[in-house]
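Residues or ranges marked as compositional bias 'Low complexity' in TrEMBL: 38-53. According to TrEMBL, the feature compositional bias 'Pro residues' maps to 55-66. According to TrEMBL, the feature domain 'Ubiquinone biosynthesis protein COQ9 HTH' maps to 70-94. Annotated domain 'COQ9 C-terminal' per TrEMBL: 173-244, in sequence order. The annotation region 'Disordered' is assigned in TrEMBL to 38-69.
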Amino acid sequence: MFKRKTSCIYQGRIIPPNIWRDVLSKQQNTQNFTSAAENLESENSVNEQNQQNHTPPPTPPNPPNSIPADILQASLPFVNEYGWTIDALSQGAKKLGYPYISHGLFPRGGAELIDYFLEDSRKKMTHEILDKMDGLKVHQKIRFACVTRLNLTKPYIRKWPEALAIMAQPNNVPMSIEHLAKLVDDMWHLAGDKSADMNWYSKRAILAAIYTSTELYMTQDTSPDFTGTFQFLNRRLQDSATFGSLINEINTFVDFAAKSTFGILSSKGIGRF
């Protein structure tokens, strides 16, 4: 993770990569980790001038180091209060007893928290439904998978428009597309799809459209326990046999909902790029 030079900012000062490597090398000893991190500011002055214009590169999802992964997991309960932000990451680090400035381990900030959540939720969905598909028809399996995945987003749904805005930023679009592709591929695989022709692509394109539009609908759903969302999902799945009309209807809704959502976010200064 730290083969490349990666810096972070603490109280307006640039923290050079060699200091963060010293912090991570002491990860097995919490006391040493905390002590090293708390002394970052004093050690920073040596290299501050050489680091003023450095831009940290993105880091891969699900960092192999146990400390970042633990912090990401611990940060999720703070999303509803702080959003998909560095503040949520700082609270997660604090909860585990690490320094508040440990959010510096995540150069992409809230995008890395979203990245972790999407990957973790996909794995949880697979685990939850893997042994519960017996006796179900294909369309029932697909619906089961969609509902299971939507339920994992439900606890964060009021903050999900913020996540969508972050994922829509140009530098985060590849991450978003990759997660969606993996999700719909897993759903079809779990449903028993073994097609190897053009249907393989069309099925995944349709399901991606169905799932993303349903998730977007969910962000605006005020019905009890999101019954409106699941009714919307049922209608989309029933209409999926007619690809053209389905896509046209979904595009109409997505266009309206996206303009509404991002208009609200822009008025709050969220997701501008």
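Just so you know, glycine gets a Cβ as well, placed from its N, Cα and C.
A TrEMBL annotation is a machine prediction, not a hand-curated record.
Residue counts for the domain 'Ubiquinone biosynthesis protein COQ9 HTH' (70-94) under DSSP, split into helix (H, G, I), strand (E, B) and coil, are 22 helix, 0 strand, 3 coil. Counting residues per DSSP class in helix, strand and coil order gives 57 helix, 0 strand, 15 coil for the domain 'COQ9 C-terminal' (173-244).
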